[in-house]
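Reading through the structure tokens given below for one structure.
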Ligand SMILES: Nc1nc2c(ncn2[C@@H]2O[C@H](COP(=O)(O)OP(=O)(O)OP(=O)(O)O)[C@@H](O)[C@H]2O)c(=O)[nH]1
Ligand SMILES: [Mg+2]
């Protein structure tokens, strides 16, 4: 048997570029992206099949300090950590323009101690700044990583091996770099039967991906705070002959948010609807008729049942 198949976990702080990397690796847009941190709320599986290889990439919510934040944030972190249990290989991403941080040190310490397979450190967004700045960022990340490794080596057992021990520079905007890295990662996969069909892209239902596409517009169009308190539920999803009818409810956390989402004379929700429809049509490759509604559900980000119902978020009970 020559077939290879394995899970590759994408981990890192919010905004590190995990979802953009996933999409670039897959060569198609699956995960939603925005310039706001904590855009991804749940793990998303992206399936990439080439030749004998099947890579199962797990995009995750950016790991962040959740103390004092709603229960949703704590569950997001747990979901991110939980993918280590499945992973055959880990990519830890750091935005080269931000460099090494205390938080990276915490999370990588956890990976070094808890995870016993191979990992790769990626310095992302290298196209965004000048070469000298990239080099500085790379040195900063390498130094942070080395200091951490030395600190742990003296009193703890390191179970995980980071390949090369220095970050690999990568831009998700440069397909040739992604292609090279993709082959390197495919080489790391263990021999195993494929778990998905050759043309599968994800295990998430189409409705989930469409709800995410609408949520992406909310992240892009609504101020700094509001998107974190909003969920999207698809109430109706029906493929007709020439059009797909989609009806979605935007769930907000309090009454005052409802008015902001709707906007003056409905202007905000109209603009959200137009841009979401265009994105949905691109994704589904067919015409879409989209209706949006707004509903208030007080405190939904604090409530386990509502987190599951509105954001498909379930607290994993087996986080190491
Ligand atoms: N120029 C450039 N921008 C990038 C690159 N990768 C990501 N970005 C941008 O960085 C921002 C964050 O990217 P995401 O992919 O959403 O980051 P993430 O790690 O998934 O973030 P969370 O889901 O919040 O954890 C977006 O505005 C992206 O367009 C890159 O390689 N080059
Ligand atoms: Mg993301």
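Backbone N, Cα and C define each Cβ position, glycine as well.
Unlike curated records, TrEMBL annotations are generated automatically.
The Cβ neighbour count for residue 63 (GTP binding site), using a 10 Å radius over every protein chain in view, is 23. Residues or ranges marked as GTP binding site in TrEMBL: 12-19, 59-63, 124-127.
The domain 'Era-type G' annotation in TrEMBL covers 4-191.
DSSP places the residues of the domain 'KH type-2' (214-298) in helix, strand and coil in these numbers: 41 helix, 29 strand, 15 coil. For 214-298, the entry in TrEMBL reads domain 'KH type-2'.
Within its own chain, the region 'G1' (12-19) has Cβ neighbours under 8 Å at 31-33, 35-40, 44, 59-64, 92-95, 98, 101, 103-104, 107, 124-125, 172, counting only residues six or more beyond its boundaries. What TrEMBL lists as region 'G1' is 12-19.
The feature region 'G2' is assigned by TrEMBL to 38-42. Helix, strand and coil counts under DSSP for the region 'G2' (38-42) come to 0 helix, 0 strand, 5 coil.
Counting only same-chain residues 6+ beyond the ends of the region 'G3' (59-62), those with a CB under 8 A from a CB of the stretch are 9-16, 18-19, 22, 30-31, 37-38, 40-46, 76-77, 79-80, 83. Annotation comment: TrEMBL describes 59-62 as region 'G3'.
Confidence across the region 'G4' (124-127), taken as the mean pLDDT and rounded to a whole number, stands at 98. Summarising the annotation, TrEMBL assigns region 'G4' to 124-127.
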State the count of C-beta atoms found within 10 angstroms of the C-beta of residue 18 (GTP binding site), not counting that atom itself.
32
Are there any residues in the same chain, six or more apart in sequence, whose C-beta is under 8 angstroms from the C-beta of residue 12 (GTP binding site), and if so which?
18, 62, 63, 92, 93, 94, 104, 107
Just give the helix, strand and coil counts over the region 'G1' (12-19), going by DSSP.
2 helix, 1 strand, 5 coil
Please check each of the binding-site residues 12, 15, 18, 60, 63, 126 and report the ones with a CB atom less than 6 Å from an atom of ligand 2, ordered along the sequence.
18
Would you mind sorting out which binding-site residues among 15, 18, 60, 63, 126 put a C-beta under 6 angstroms from ligand 1?
15, 18
